[in-house]
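Peer 1: My questions will all concern the structure given below.
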Amino acid sequence: MKWRESVGSGLGYLVQVKPMAGDSEQEVMLTTKIPKATVGGLSPSKGYTLQIFKLTGSGPVLLVRREFVIEDLKSNSLGKSSQRPPGAALEPTPSHRGAPDPEQVSDSRVTFTPSQDPPIIGIPSVGQQQLEQHWSWGPVAQDPAQQPPDLERQSHSVAPARRREKLAGPEFRCTPPTPTDMVFLVDGSWSIGRGHFQHVKNFLASVISPFEIGPDKVQVGLTQYSGDPQTEWDLNSFRSSGEVLAAVHGLRYKGGNTFTGLALTHVLGQNLKPSAGLRPEAAKVVILVTDGKSQDDVHTAARVLKDLDVDVFAVGVKNADEAELKVLASQPLDITVHNVLDFPQLATLAGLLSRLICQKVQGRSLSRAPVTPEDAPALEPLPGPSSLVLTQITSSSVHVSWTPAPQLPLEYLIVWQSSRGGTPQELVVGGPASSVQLCNLTSSSEYLVSVLPVYKDRVGKGLQGLVTTAPLPPPRALTLVTATPRTLRLAWQSSAGATQYLVRCLSASPGGKEEKKEVQVGRPEVLLDGLEPGRDYQILVQSLRGPEASEARSIHIRTPALAPPRHLGFSDVSHDSARVSWEGTQRPMRLVRVSYISSDGGHSGQTEAPGNATWAALGPLFSSTTYTVRITCLYLGGGSSTLTGRVTTRKAPSPSQLSVTELPGDAVRLVWAAAASSGVLVYQIKWTPLGDGQAHEISVPGTLSTAVLPDLGKHTEYEITILAYYRDGARSDPVSLRYSPSAASRSPPSSLALSSETPNSLRVSWTPPSGHVLHYRLTYTPATGSRPDQSISVPGPRNHTVLSDLLAATKYKVLVSAVYGAGESVAVSAMGWTAACPTLHPDSSLPGFDLMAAFGLVEKEHASIRGVAMEPSALGLTPTFTLFKDAQLTRRTSDIHPVALPPEHTIVFLVRLLPETPREAFALWQMTAEDFQPLLGVLLDGDWGPGSPSAVGRNGSPGFTLSLVPTLSKSQVS
């Protein structure tokens, strides 16, 4: 089939040929980056559905969909003249797995040519032009010369896994028509790495999963190779897919060199044998997974595998040699050779590779006689050395020796690598050699050492061994040579292999923080200076060789102490100065150096005093700051000692004794006492109206103690604030006073309004006055005077409140006054009614409360109450609730009655006494005090019967007598 390329970029095409419904054949899916493809293995008389997708960055786009039969195509090719005109009967089916606009797709044409050639499968790559949408139908002679000459050199890549899974589908399974023996040859060399090896295992599991595993179906074996190949399991080791996948996930990383030729020889000699489970009639497949170029020859073993009719698939990762992969793989190479850029991309290849293996096995001719390893030319195993011995181990070298191979090799390849990873190191020695010295090793490190004989065309069986180098020797005999209050001199014996020594000096400062000093020296001695007298030090010395370090040797030393001054004290502490004093020593002093530093390190200073001085003044200091003060005595003849203390300065003082005097007009005079005798830079004064209005500020020099404040209202109260700023940046706390002009008025609130919130509450609102109100006083009482007055306070910023716990349907009188700093305003009043008791039902005007609902005797709640059952109604539409013996329902009065009971109220009961009701007195309904003593109730006295004159039950049920026992007043109920 062919189609015309379209303008634009694309990732390639996907061709899907699927048998029609009911056909047992499996569908065929292949990708190509050229606008043509050949699909083989189809039945000439069966119907198929063809779909061609354009692969784009946003997903696959369905270009065309067509049903065809190969015999019909042949008939059409014989009668070209009767062929339909292009595009006459075919309507394209635009589809995008991401819903593109069909109008954005341009014209395309596709033609079919029946072919007996094997399918050509390309892999999509970036740079192909986009396909067009419209297409025509008709046979076209396919010229073999038009096949791309560089098909085998195409760079294989794989679409993202998410898109591939949508196209391939998780339902793909492969059951080959003939038994299949499949051997995986997995590179486990150092270059793979443990982290990437997990990607390899996931890839193997994904490739194996679609195949039906069993003794008469597909068998799977696996060999891991590096320096020497190792069979992980044979073809006949496992009999089910679950066992094989479990073995894959349990595969352990091997590590070593990349000897692919030796590994292929191992597959021929060990895995493809009847003793390992090989079946003569089975198709044989070898799948190689590697990430590098082989270090030995692969041509001989590859040729033998192909002579055995083994299908070899080669999968390269990252740095794999593609030319070598093509030498190893079977034809056609565009099916059997695959290469991905990195290990995570293996996941995108797994599904495609499973299908290609399945297609390859299904396409094998069953008529061809099976070929077994016995029919192929044998590869004679090459001898190798024996008895690997690792001796003379030091911190940087190991001596390696071995017994030579019986047949002299061209040379020996010695490879060693740290078991913690890193780049393998190699060394080649001549064939007659039997030992070698490995140098420049890292101390205390484990190495894997391999010795491999190299012959003309292959590598023989090698030797491997593990060895751990010795640690770098530490310094010996660390001793103190001399010590002064400021210096320490140490020496030690040199250690073999060390090029330098690291000396660390550790001590704990008086604040508990560890101080550390390090120095590197080339000789086995050191002089440490700049130390503190009378302090304990730990000295540690290590041998160094490049980045390697030995175990440390340590020694504890205390430097000699100097006699310090004593009794450090502080006096005359102010916000910007302090006096420090000390007691001198008998040792003659040259001078005394006094230094101080703030706790945050932002301010420091220093002064000096004569050697006979016993005090010094500190300043200028910052206020409210803690200083560390150090007195250092410098002695005649050298040496010194230090005494340390701490002092905290006082807070910057604020102005005091504020007073205000009214001046003519709208100004006042503010007077205050100075904050400090000196150091004040400026005073900041601010006056703010108590209420609406704008604040004002002025600044006056720090030498003044009075200021005139202008533009003050005659009827407005003010808050006046003053604070001092000092020359060192400190600021005092603000000091305030409240000023009320003599003419200021005390206006009351206005527009007082009352509205009913609930039967027992009223909402009160008002308009605030213009002045600054501290709070409002509200007084309320029933208009009848039946209750005493009650008062509450409302904060000044608010203009409403809610009065609660009122009587229902009652008229109240409310008074509101504003309270100012200078006094209280007159009160304003208003009258309002609380709401009446609610109606019993929405469609009734009768006020009251439904006690059934209050006690939970409703259909949705009764099941949660013990001793209660609900039955169909015997008295109408309302359901009937039965109370069993000892059942008692209790509620607080406040939960039942949202408001207080009115002066007169009626309680209605509808009771039906069942024949089995016990004849004993009980309370049907009652109200009790907090101690559950009855106050008011309805009692059944237990004396009822057919002749009772007091009441008769409905339908002839026994009568009963109701007793109303009032024992409380209305005020008690409410």
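We number each residue from 1, going along the chain as drawn.
Using the three backbone atoms N, Cα and C, a Cβ is placed for every residue, glycine included.
As listed in TrEMBL for this protein:
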type	residues	note
COMPBIAS	105-115	compositional bias 'Polar residues'
COMPBIAS	737-756	compositional bias 'Low complexity'
DOMAIN	181-356	domain 'VWFA'
DOMAIN	384-473	domain 'Fibronectin type-III'
DOMAIN	474-565	domain 'Fibronectin type-III'
DOMAIN	654-743	domain 'Fibronectin type-III'
DOMAIN	748-839	domain 'Fibronectin type-III'
REGION	77-123	region 'Disordered'
REGION	139-174	region 'Disordered'
REGION	737-760	region 'Disordered'
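Set these features in their place in the structure for me.
Peer 2: Helix, strand and coil counts from DSSP across the compositional bias 'Low complexity' (737-756) read 0 helix, 10 strand, 10 coil.
Across the domain 'Fibronectin type-III' (748-839), the prediction's mean pLDDT works out to 87.
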Peer 1: So, do the domain 'Fibronectin type-III' (384-473) and the domain 'VWFA' (181-356) meet, by the test of 3 or more Cβ pairs under 8 Å (sequence gap 6 or more)?
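Peer 2: Since 3 or more Cβ pairs under 8 Å link them, the domain 'Fibronectin type-III' (384-473) and the domain 'VWFA' (181-356) do come into contact.
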Peer 1: On the DSSP side of things, how many residues of the domain 'Fibronectin type-III' (384-473) fall into helix, strand and coil, could you say?
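Peer 2: Counts, helix then strand then coil: 0 helix, 46 strand, 44 coil.
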